[in-house]
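> Dumping the structure here so I can ask a few things about it.
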Amino acid sequence: MPINQYVRKYVIMNLGGAIHLNKKFCLVIFIILVLYLYLSSFGSRDENDFTKQTQNKVNLKNLLHMAVIAAENGGNEVKNNINSNKIESKGKTKEGADDKVTTADYKSHCIMQGTIKKLYHDIKLISEEFKTNCEGIDLPSEFPSIPREIDALNDSWVKDSDITVWIDPLDATQEYTEKMYEFVTTMVCVAVNGKPVIGIVHKPFLKETYWGWVGTSKSPNLQVKERSDDELIFIVSRSHTGKVKEMINTKLSEIKNKIVEAGGAGYKVLEVIKGNADVYFHTTAIKKWDICAGNALLFSVGGNMTTLKDELIDYGDTENAVNTNGLVATLKKYLNLKKLLI
Ligand SMILES: *[C@@H]1O[C@H](CO)[C@@H](O)[C@H](O)[C@H]1NC(C)=O
Ligand SMILES: *[C@@H]1O[C@H](CO)[C@@H](O)[C@H](O)[C@H]1NC(C)=O
């Protein structure tokens, strides 16, 4: 579907944004609407609020769709640049490893941000590569049409000032530079009043997209499988290992456990949901764009994600993009485990 059709389809619902499309047409519609609302207000007070409600409001269903497209557009950049990457270091992590960034991180950022901002220019958006200059970056001229399972969802309007979008244009950059492509994801997260509500994790090299809308729906491929073994599998970071192994071995010594190392926060959350691991465990600082989408996926399947102090993470607090208190992410079954860890 051409982009203009999208703009018409989505922005027409937002009376403020539609006027630049065709002023006369919108004016006529507006006058009819006002007349209609005025007349019908004698019968119903609720409908009288319609105009007020759609002003500065975002339909989460449409934002979900655009967020899926953004993640997939970013994923295409990630795939297309495997041979033309310039690898740089942004500095050192706390553990002393290089914090790498590649051409693909920047390009994916610009495409993902551009895709969201195309229709939602007033939304607050935070990205790992927010400092990138995106001038001259072209969006794809065609966007895919809305998948049936998203189209079937109900509209849900939210004030745009309550929304924060978090973008990770390339999660597991270290593994990407080592050609361990299975760990690589692109992620978009929509937080409403600080709570993760919509999460998208896209695996570009496997052509898989997982999404969850908390309390509403999820992608058909996001299937929970709980493990039944008596041994607990912890999935931990390859590159930011920190004190994690030591902590598991001292605090959980009486529980039979196994530690699996993997790259990427998005990847690790999916492993927990798919039943390939029980607990995603992290003891050091982690950025909110790394974890917001996975947090929404976990919430949408009844799991949980907290810091090691048992706090939920506030994604409305954009001044602090770093969660410094570690991470425990599990399905419901393992929530009691936190008591042992904290
Ligand atoms: C949409 O809303 C209606 C009315 O509240 C409800 O019955 C229906 O199940 C909802 N559909 C979806 C897909 O959530
Ligand atoms: C997740 O953990 C927090 C902190 O313990 C708790 O307040 C919340 O109810 C939990 N959510 C679910 C769905 O279990």
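Each residue, glycine too, has its Cβ placed from N, Cα and C.
Straight out of TrEMBL:
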- Glu128, Asp168, Leu170, Asp171, Asp290: Mg(2+) binding site (BINDING)
- 21-39: transmembrane segment (TRANSMEM)
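Could you tell me the structural context for the features on the list?
Under a cutoff of 8 A between CB atoms, and with a sequence separation of 6+ in the same chain, the neighbours of Asp168 (Mg(2+) binding site) are Ser127, Glu128, Thr185, Thr186, Met187, Gly266, Trp289, Asp290, Ala293.
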> Output, ordered by sequence, the same-chain residues six or more apart from Leu170 (Mg(2+) binding site) with a CB under 8 Å from its CB, or 'none'.
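Gly74, Val78, Thr102, Ala104, Asp105, Ser108, Glu128, Tyr176, Val184, Thr186 - these are the non-local Cβ neighbours of Leu170 (Mg(2+) binding site), listed in sequence order.
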> Counting every protein chain present, what is the number of Cβ atoms, excluding its own, within 10 Å of the Cβ of Asp290 (Mg(2+) binding site)?
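Counting Cβ neighbours of Asp290 (Mg(2+) binding site) within 10 Å gives 27.
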> Which of the listed binding-site residues (Glu128, Asp171) has the least company, meaning the fewest other Cβ atoms within 10 Å of its Cβ?
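The binding-site residues Glu128, Asp171 were compared, and Glu128 has the fewest Cβ atoms within 10 Å.
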